């Protein structure tokens with residue numbers, strides 16, 4: 001970051017985060033609290049994510065991309081619940097008040113917020129090691145939430161978009177995997193600026209097409225595991241059916257399987273739906289502009305069985321990301 | 001902190017933050033989002049505060065007190081709006097998963113949360129420099145919020161409880177002020193375990209007794225300044241009428257005036273109310289067990305005029321706390 005200048009806490013908020021546009025909130029930034037009410041007959045879905053330098057992003061990361069990603073990972077939680085974004089709060093610890101950084105961060109943040117009509121209604125700023133904590137509010141009708149506990153045997157397992165390129169980019173940065181500059185740049189887009197699948201998640205819930213959903217942040221196998229545990233079911237996953245990202249698809253089979261199944265940082269949706277929903281989901285995927293791929297099925301037998309395209313069991317020895325073990 | 005052991009992110013949440021008790025939320029910890037609806041006819045008041053080590057608390061701070069304070073500063077924002085606490089999210093960055101620290105932090109956090117019937121509904125945990133970000137949800141009827149912009153000329157200015165002991169404790173720790181061990185210990189209670197004035201704030205709003213309110217976190221003069229600016233009014237403040245904390249009251253006049261007027265970290269309420277509310281506020285203060293003291297009046301003339309007990313102007317050269325200037 002460049003040298004700070006004399007930007008006070010209140011000037012910082014006013015210059016970079018208060019906007020002159022009408023919003024949904026009864027009261028936004030500038031009082032002890034914001035005031036917000038869900039639309040008639042709706043409830044709030046609420047999620048918080050905290051992003052820490054050197055943990056969730058590299059030191060020196062492009063602030064514009066970081067602004068995007070900070071909100072994207074939260075919107076992804078709303079998508080996984082089937083909620084429509086409404087508003088968010090932003091708490092920000094910064095080593096210093098750097099104008100260029102703030103301008104970039106705010107630009108990336110608000111570009112995504114505006115695309116989803118999601119209003120910044122409050123928050124906090126303080127000096128400290130770089131830390132970004134967003135709490136997001138969406139709304140949905142009672143009973144429509146795509147809960148982790150609602151998968152049932154016989155459900156198809158679906159994945160939105162593609163998986164694994166974010167993990168491949170990380171391997172490229174770490175020199176664990178040799179990638180051309182073009183390949184790395186392409187895969188890195190998925191790592192730095194993930195696309196939350198808000199329209200698809202909301203439409204799945206609103207049209208009652210899916211039973212359960214989760215967003216893939218720590219790797220598909222681990223995240224699907226949360227659905228299986230909460231729903232007290234098992235599953236068979238066709239690893240070769242997983243929609244690998246375009247750069248990962250160029251890599252060898254072993255790497256492709258591992259990174260698609262357990263890469264992490266994908267922010268795609270993994271959802272389960274009855275076979276009766278197949279045609280409607282396929283149509284919805286086209287409407288939303290987000291591909292959806294069937295990759296397995298929910299079964300009564302506990303456990304997750306990974307198989308190849310021929311149905312032969314695979315032993316990939318995967319592990320999900322854990323913040324206190326990894 | 002002691003050495004970490006093999007506590008995974010999910011075990012950490014399950015062992016220290018998931019509780020077996022019925023709450024207000026339709027869905028709490030354990031899915032992509034929590035689901036929460038305000039009571040019929042109510043709206044949500046929402047606030048986020050981020051606490052950073054070495055900025056808001058000392059390194060090595062007692063985790064139990066820290067758990068209390070992290071929620072207290074957020075509940076104080078609800079109190080200043082006149083909202084009743086309902087729920088909160090907790091995002092926590094920890095250098096390591098230390099069981100003793102987590103147990104202490106959770107104990108302090110939940111003791112205060114339970115006292116206010118405020119449910120933990122979700123959040124995030126990650127490894128990183130110690131950072132605690134809470135977003136709190138209260139509820140209140142539309143039109144009842146104690147907004148900073150609603151002070152009017154003729155209003156009395158009131159202060160809850162006492163002010164200045166938290167700042168005095170800081171001066172004691174920093175060796176800027178000589179205090180006996182007993183004095184420091186007593187003043188430090190106000191610094192480490194502030195009492196959010198939830199019952200008083202909520203009752204003021206519900207009974208429509210006050211016009212405007214703010215909680216005193218950065219120092220009374222600065223925080224009252226936010227009310228004056230938002231309401232486009234001025235005020236005269238009788239600095240000698242300020243209810244100094246019991247330890248500050250023992251200090252010399254100059255220090256007492258400065259720390260009472262601009263100490264910070266008090267988490268008392270500063271509110272404005274018409275003269276017609278005086279008797280009702282005095283009665284409410286007794287009901288709530290929270291003293292309330294009249295310390296000045298709102299005037300049409302812009303600016304804040306500090307006077308002594310005889311009405312003579314004081315020039316205290318105070319400054320409010322600013323995270324990026326101090």
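Including glycine, each Cβ sits where the backbone N, Cα and C put it.
The annotation in TrEMBL ties A:32, A:215 to Mg(2+) 3, and of the candidates under consideration, A:77, A:156, A:165, A:265, the one tied to the same site is A:77. With a threshold of 8 Å between Cβ atoms, the binding-site residues A:32, A:77, A:123, A:215, A:217 that neighbour chain B are A:32, A:77, A:123, A:215.
Neighbour count (other Cβ atoms within 10 Å of the Cβ, all protein chains): 24 for residue A:148 (ATP binding site). Checking the binding-site residues (A:48, A:148, A:217, A:218) against residue A:265 (substrate binding site) with a 10 Å Cα-Cα cut-off leaves A:217, A:218.
In the three-state DSSP classification, residue A:148 (ATP binding site) falls within a helix. Within 10 Å of its Cβ, the residue among the binding-site residues A:47, A:48, A:217 with the fewest other Cβ atoms is A:217. Residue A:77 (Mg(2+) 3 binding site) has its Cα within 10 Å of the Cα of none of the binding-site residues A:56, A:123, A:124, A:148, A:218.
Checking each of the binding-site residues A:32, A:47, A:48, A:56, A:123 against residue A:218 (Mg(2+) 5 binding site) by C-alpha distance, the shortest gap belongs to A:56. When the alpha carbons of residue A:32 (Mg(2+) 3 binding site) and residue A:148 (ATP binding site) are compared, the span between them is 35 angstrom.
For the domain 'PurM-like N-terminal' (A:30-139), the model's pLDDT averages out at 94.
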